[in-house]
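A.B. asks: The structure's right below; bear with me while I get my questions together.
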Amino acid sequence: MTAWLGFLAVFLCSWSLRDLVAEACTCVPIHPQDAFCNSDIVIRAKVVGKKLMKDGPFGTMRYTVKQMKMYRGFQIMPHVQYIYTEASESLCGVKLEVNKYQYLITGRVYEGKVYTGLCNWYEKWDRLTLSQRKGLNHRYHLGCGCKIRPCYYLPCFATSKNECIWTDMLSNFGHSGHQAKHYACIQRVEGYCSWYRGWAPPDKTIINATDP
């Protein structure tokens, strides 16, 4: 009887742990510009290899990458060879395919290693919009002093001059919404931040902060 109760306790603990892990990865929607500005490293790279590292209870996946271009992180790590992520998607680990695609990868540096996850911005390069690519090259950097405030229900108003109101959540698009795909929040000379879209330099075409 005692042995059976012991087995039941272990089973229930294992089941609870499994449920906890399955529900562990929850990410708050973030605009690509904020994802860029909050990252230590932003690169365009192709995955050329992977290896499961036996560290931690669930392991860590180490991806070997061929860096094509760096957009952020020159002073921290000018060349990235490895990207680390949790081996399990339930722990926010990302799954990248080897020798197939070029990816945009953002991440943070910890003890000399670049870590990324589902809550970081990563995407197949050919799925990025032209505006997002231009943002990576210079526009997002120009807006790192701005604050992008999500709007979950109307009305929404900017509470300071450096805010842009992000309304993609009103239609549940979030990261893949129209503003996320096509707009950057740029700071002007006067210190005001506004949404910007277009092919002219940011100081020539500025739109209203609440009207993307």
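Including glycine, each Cβ sits where the backbone N, Cα and C put it.
So Swiss-Prot lists these for the protein:
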- 1-24: signal peptide (SIGNAL)
- Cys25-Cys92: disulfide bond (DISULFID)
- Cys25: Zn(2+) binding site (BINDING)
- 25-28: region 'Involved in metalloproteinase-binding' (REGION)
- Cys27-Cys119: disulfide bond (DISULFID)
- Cys37-Cys144: disulfide bond (DISULFID)
- Asn38: site 'Involved in metalloproteinase-binding' (SITE)
- Cys146-Cys193: disulfide bond (DISULFID)
- Cys151-Cys156: disulfide bond (DISULFID)
- Cys164-Cys185: disulfide bond (DISULFID)
A.B. asks: Take the C-alpha atoms of Asn38 (site 'Involved in metalloproteinase-binding') and Cys144 (disulfide bond) and report the distance between them in angstrom, rounded.
C.D. replies: 9
A.B. asks: Measuring Cα to Cα, how far is Cys164 (disulfide bond) from Cys193 (disulfide bond) in Å?
C.D. replies: 6
A.B. asks: For the disulfide-bonded residues Cys37, Cys119, Cys164, work out the Cβ neighbour count at 10 Å and name the residue with the minimum.
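C.D. replies: Candidates: the disulfide-bonded residues Cys37, Cys119, Cys164. Fewest Cβ atoms within 10 Å: Cys119.
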A.B. asks: If we check Cα distances from Cys193 (disulfide bond), which of the disulfide-bonded residues Cys25, Cys37, Cys144, Cys151, Cys156 wins as closest?
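C.D. replies: Nearest by Cα distance to Cys193 (disulfide bond): Cys144.
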A.B. asks: Using DSSP, what's the helix, strand and coil tally for the region 'Involved in metalloproteinase-binding' (25-28)?
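C.D. replies: For that range the per-state counts are 0 helix, 0 strand, 4 coil.
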A.B. asks: Sort the disulfide-bonded residues Cys92, Cys144, Cys151 by C-alpha distance from Cys27 (disulfide bond) and give me just the closest.
C.D. replies: Cys92
A.B. asks: Nearest to Cys185 (disulfide bond) by Cα distance: which of the disulfide-bonded residues Cys25, Cys92, Cys146, Cys151, Cys156 is it?
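C.D. replies: So, of the listed disulfide-bonded residues, the one sitting closest to Cys185 (disulfide bond) is Cys146.
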A.B. asks: List only the single closest residue to Cys156 (disulfide bond), chosen from the disulfide-bonded residues Cys37, Cys119, Cys144, Cys146 by CA-CA distance.
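C.D. replies: If we rank Cys37, Cys119, Cys144, Cys146 by Cα distance to Cys156 (disulfide bond), first place goes to Cys146.
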A.B. asks: Rounded to a whole angstrom, what is the C-alpha distance between Cys37 (disulfide bond) and Cys146 (disulfide bond)?
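C.D. replies: With the alpha carbons as reference points, the distance is 10 Å.
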A.B. asks: Counting Cβ atoms within 10 Å of each candidate's own Cβ, which of the disulfide-bonded residues Cys92, Cys185 comes out highest?
C.D. replies: Cys185
A.B. asks: So what's the mean pLDDT when you look at the region 'Involved in metalloproteinase-binding' (25-28)?
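C.D. replies: Here the mean pLDDT over the region 'Involved in metalloproteinase-binding' (25-28) amounts to 86.
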A.B. asks: Please work out which residue of Cys25, Cys146, Cys156 has the most C-beta neighbours within 10 angstroms of its C-beta, and give that one of the disulfide-bonded residues.
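C.D. replies: In terms of Cβ crowding, the pick is Cys146.
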A.B. asks: For Cys151 (disulfide bond), what residues in its own chain, 6 or more apart in sequence, show a Cβ-Cβ distance under 8 Å?
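C.D. replies: Listed in sequence order, they are Ile165, Trp166, Thr167, Met169, Leu170.
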